[in-house]
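Pulled from TrEMBL, these are the features on record:
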ACT_SITE  Tyr22  active site, proton acceptor
ACT_SITE  His102  active site, proton donor
BINDING   Asn76, His82, Asp89, Leu103, Ser104, Arg114  substrate binding site
SITE      Arg17  site 'Transition state stabilizer'
TRANSMEM  119-143  transmembrane segment
Amino acid sequence: MEFVVINGPNLGFLGQRQPEIYGATGMDALPGMVERLLGDDAARIRLTQFQSNSEGALIDRLEEAWKVKSDGVVLNAGAYTHTSLALADCLAWIRIPCVEVHLSNVHARQSTIRHKSLIARHCIGAIAGFGIMSYALAVQALWQRLTQP
Ligand code: DQA
């Protein structure tokens, strides 16, 4: 199976960006975490990673995932989570199983705009608050949903 891990704006320097909020670990740790979590099953998953600060490029990448029939998407849309009707519209039609992910526990954060997600209703679920492990847990959730429906 092929899963695309998509990171939105300001997520290109994970490990360095406000580590007290987003953690000190970068995305390069993800494959190892997935292997530890999924064991032998990890070898049956191809993970592709993509990051862009641009809303349009994120939509282009999601459309690409639809074109090539990717099996699942793990999406941290960053601040676009809370503001982008365009991303929500894209997820609504491509209908690829998508897990919304956040490094921080957005629901426990002070700025209440972070408590709202425009993309949540187009996702099969959401995981927030576990740093890079949020992505690994999302990969595991996608894998289980698609192999043991
Ligand atoms: C984030 C949370 C968003 O509110 C914020 O704008 C981000 C990162 C997270 O992973 O915790 O850029 O998506």
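Any Cβ shown, glycine's included, is placed from N, Cα and C.
Remember, TrEMBL labels are computer predictions, not curated facts.
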Expressed to the nearest Å, what is the distance separating Tyr22 (active site, proton acceptor) and His82 (substrate binding site) at their Cα atoms? 17
Counting other C-beta atoms within 10 angstroms, the emptiest spot among the recorded positions His102, Arg114 is Arg114
Translate the DSSP assignment of Leu103 (substrate binding site) into the three-state scheme. coil
Other CB atoms within 10 A, centred on Arg17 (site 'Transition state stabilizer'): 14
Hey, what's the Cβ neighbour count for Asn76 (substrate binding site) at 10 Å? 25
How many whole Å apart are the CA atoms of Asn76 (substrate binding site) and Arg17 (site 'Transition state stabilizer')? 15
